[in-house]
Amino acid sequence: MTDGPRQRSSTTGSAKDAAGEKESGGVALKKEIGLVSACGIIVGNIIGSGIFVSPKGVLENASSVGVALIVWIITGLITAIGALCYAELGVTIPKSGGDYSYVKDIFGGLAGFLRLWIAVLVIYPTNQAVIALTFSNYVLQPLFPTCFPPESGLRILAAICLLLLTWINCASVRWATRVQDIFTAGKLLALALIIIMGIVQICKGNFYWLEPSNAFEPFQDYDVGLIALAFLQGSFAYGGWNFLNYVTEELVDPYVNLPRAIYISIPLVTFVYVFANIAYVTAMSPQELLASNAVAVTFGEKLLGVMAWIMPISVALSTFGGVNGSLFTSSRLFFAGAREGHLPSLLAMIHVKRCTPIPALLFTCFSTLLMLCTSDMYTLINYVGFINYLFYGVTVAGQIVLRIKEPDMYRPIRISLIWPVIYLIFWAFLLIFSLYSEPVVCGIGLAIMLTGVPVYFLGVYWDNKPKCVDAFVDKMTYLGQKLCVVVYPAETGSGGGEEMKEAMSPLSKEDNHKSEDC
C-alpha cells in the first residue's frame with residue numbers, strides 16, 4: 001500500500017476523461033444499477049427501522065407536535081441540499097467510494113484515509129450489526145410473547161441474516177439490487193398503509209393534535225438546546241442519503257441517473273417521514289407516542305385489529321433490506337479504499353466470472369460479525385456519529401475548494417455555491433452544538449479517528465518497508481486470490497488504478513485475460 005508523493009500530487013480526474021474511456025475486455029465492475037435500483041439504494045438505506053420503531057427522538061426534544069413536524073421538513077430540505085452537492089461531486093469525480101474518494105482527491109491522502117479508517121473500524125460494522133439485531137428481534141418476538149428473546153438467539157439469527165445477504169451480494173450484483181428493490185418496495189408499502197390509515201383517521205375527525213392551537217401546545221417547556229438536539233436527531237434519521245455515491249461506477253449512465261435518483265428519492269423520503277409522523281399523532285397522543293418502544297406496532301394495534309401483525313413484519317422486512325443495502329454500499333467503499341492503496345490490495349479485486357468484489361464483501365461481513373460478539377457497539381455508535389457527520393461537512397466544503405482550485409474542470413452538473421454555503425451553515429450549527437452538549441463523547445470520537453494517523457504513515461505513506469513484510473503481504477494476497485478466485489480489475493477509472501496494476505500479483509496477470517464474459 002503506497003500513497004507517496006506521486007499519488008498525493010495527482011490532480012482530480014475529470015468526468016469528461018472518465019466518460020471517454022473505452023471498454024476493455026478484462027474484468028471490471030458491471031454497470032447493472034439502473035434508475036429504479038439507484039432509488040432503491042437511497043430510499044432503502046435512509047428508511048431503516050427508525051421510522052417504524054422510534055421516531056420519538058425528534059418529538060421528545062421538539063417539545064410539541066407542530067415543532068417536530070417543522071423539524072422533519074427542514075432536515076429533509078437540508079438533506080436535499082447536501083444531496084445536490086454530492087450529485088455535483090459524484091459526476092465531477094466519477095469514482096465509487098463516495099465522500100472518501102472526494103475528500104482524498106480534494107484534501108489529500110491523509111484526510112481520505114481518516115474518513116475510510118473510521119468507516120472501516122466502527123461506523124459500518126456497528127450500524128450493520130445493530131440493524132441485523134433489530135431484524136432478529138422482530139422475527140423472534142412472536143415466539144416469545146411474554147418475555148424478551150434470548151440474547152444468544154438474537155445474535156445467531158442476526159449472523160445468519162448477514163451471511164445469507166453476503167452470499168447473495170457475492171453471487172450477483174443483479175440479485176443484490178433485486179433484493180434491495182423488493183424490500184424497499186415492501187417498506188414503502190407498509191409506510192403507505194400507515195399514511196392511508198392516518199388519512200382515514202383525519203377524515204373521521206381524529207386530528208386533535210394537528211389543529212394549530214394544539215399542535216404547538218408544548219408538553220414541556222421549549223428550550224433552544226433541546227430544539228437543536230431535535231434537528232440533530234432529524235439529521236441522523238436521514239442518514240444514508242449519500243450511499244449511492246459509493247457505487248457510482250456500477251450505475252448505468254451515472255451522469256443522468258445519479259442526480260435523477262437523488263431528485264426522486266430525497267423528496268420521497270421527506271414526504272414519507274412527515275406524513276407517517278402525521279399519521280401517528282392521529283391515533284396516539286404525544287405522551288403515548290413517547291411511551292411506546294415500537295411506535296408502528298402500537299399504531300397497528302390501535303387501528304388494524306387482527307391485521308396488526310403487518311407492522312412487526314414490516315419492521316423485520318425493512319431491516320432485512322437495510323442490512324442488504326449497507327453491505328452492498330460499504331463493500332464498495334472498502335473496494336475503493338483498497339484500489340487507492342489505503343487498504344490491502346486484495347480488497348480491490350473482483351471475481352473473474354461474477355464480477356463482484358468478494359474479498360471486500362467478506363471483509364465487511366467478518367467485521368460486522370465481530371461487532372455482534374461485543375457488547376459495546378451502541379456506545380461506539382454514539383462516539384463516532386459525530387465524526388460521520390463531521391465528514392459530511394468536510395466533503396461539501398471540498399466542493400467549494402474544488403471550484404476555487406479547478407474552476408475550469410468539466411462538471412456535467414453545476415449548482416449555485418449558495419447551496420453548499422447554506423448546508424455548511426446548518427452543519428456548523430449542529431456541529432458546534434454537539435461539541436457543546438457532549439464534549440466527552442465528541443472528544444472520544446475524534447480520538448478514535450486520530451488513531452488512524454500512525455496507521456496511515458506506517459501502512460500507506462511508508463514506501464520502503466522491509467522485504468519480509470512485502471513478501472508476507474504478497475503471499476497472503478496470492479492465497480486470498482486463489483481462495484476467492486479474484487483478480488484486480490483491468491479498468492478502474494480512478495487515479496489509484498495504475499499503482500495497483502503495477503503491484504498486480506502473478507495470478508492477476510495470468511487470469512485477467514480469462515474473464516471477457518464479465
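Counting starts with 1 at the first residue shown.
Backbone N, Cα and C atoms are what each Cβ position is placed from, and that goes for glycine too.
As recorded in TrEMBL, the features of this protein are as follows:
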{"type": "COMPBIAS", "residues": "498-518", "note": "compositional bias 'Basic and acidic residues'"}
{"type": "REGION", "residues": "494-518", "note": "region 'Disordered'"}
{"type": "TRANSMEM", "residues": "33-53", "note": "transmembrane segment"}
{"type": "TRANSMEM", "residues": "65-91", "note": "transmembrane segment"}
{"type": "TRANSMEM", "residues": "112-136", "note": "transmembrane segment"}
{"type": "TRANSMEM", "residues": "156-176", "note": "transmembrane segment"}
{"type": "TRANSMEM", "residues": "188-210", "note": "transmembrane segment"}
{"type": "TRANSMEM", "residues": "222-241", "note": "transmembrane segment"}
{"type": "TRANSMEM", "residues": "262-283", "note": "transmembrane segment"}
{"type": "TRANSMEM", "residues": "303-323", "note": "transmembrane segment"}
{"type": "TRANSMEM", "residues": "358-380", "note": "transmembrane segment"}
{"type": "TRANSMEM", "residues": "386-404", "note": "transmembrane segment"}
{"type": "TRANSMEM", "residues": "416-437", "note": "transmembrane segment"}
{"type": "TRANSMEM", "residues": "443-462", "note": "transmembrane segment"}
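Against the transmembrane segment (222-241), stretch 65-91 shows more Cβ pairs under 8 Å than any other of 65-91, 156-176, 188-210, 358-380, 416-437.
Counting C-beta pairs under 8 angstroms (sequence separation of 6 or more), the transmembrane segment (416-437) reaches the transmembrane segment (65-91) with 3 or more such pairs. Listed as Cβ neighbours of the transmembrane segment (156-176) (distance under 8 Å, sequence separation of 6 or more from its ends, same chain) are residues 29-30, 32-33, 128-129, 132-133, 135-136, 139-140, 250, 320, 323-324, 327-328, 331, 351, 354-356, 358, 361-362, 364-365, 368-369, 372.
Sequence-remote contacts of a segment are chain residues at least 6 beyond its ends whose Cβ falls under 8 Å from one of its Cβ atoms, and for the transmembrane segment (188-210) they are 43, 47, 51-52, 65, 272, 275-276, 278-283, 285-286, 296, 299, 303-304, 310-311, 314, 317-318. For the transmembrane segment (358-380), same-chain residues at least 6 beyond its ends with a Cβ under 8 Å from one of its own Cβ atoms are 120, 122, 124-126, 128-130, 132-133, 155, 158-159, 162-163, 166, 169-170, 327, 330-332, 334-335, 338, 346-351, 480, 484-486. Looking at which of 33-53, 386-404, 443-462 has the most CB pairs under 8 Å to the transmembrane segment (65-91), the answer is the stretch 386-404. Only residues 6 or more beyond the boundaries of the transmembrane segment (33-53), in the same chain, are considered here, and those with a CB under 8 A from a CB of the stretch are 131, 134, 138, 173, 177, 180-181, 183-185, 187-188, 190-191, 237-241, 243-244, 247, 250-252, 257-258, 260-262, 264-266, 268-269, 272-273, 276, 293-297, 311, 314-315, 318-319, 321-322, 324-326, 328-329.
Between the transmembrane segment (303-323) and the stretches 112-136, 262-283, 443-462, the greatest number of Cβ pairs separated by less than 8 Å involves 112-136. Counting same-chain residues at least six beyond the ends of the transmembrane segment (112-136), those with a Cβ under 8 angstroms from any Cβ of the stretch are 3, 48-49, 53, 99-101, 103-105, 149, 153-159, 161-162, 315-316, 319-320, 322-323, 326-327, 330, 333-334, 337, 340, 342-343, 364, 367-368, 370-372, 377-378, 380-381, 383-384, 387-388, 391, 394, 448-453, 455-456, 460.
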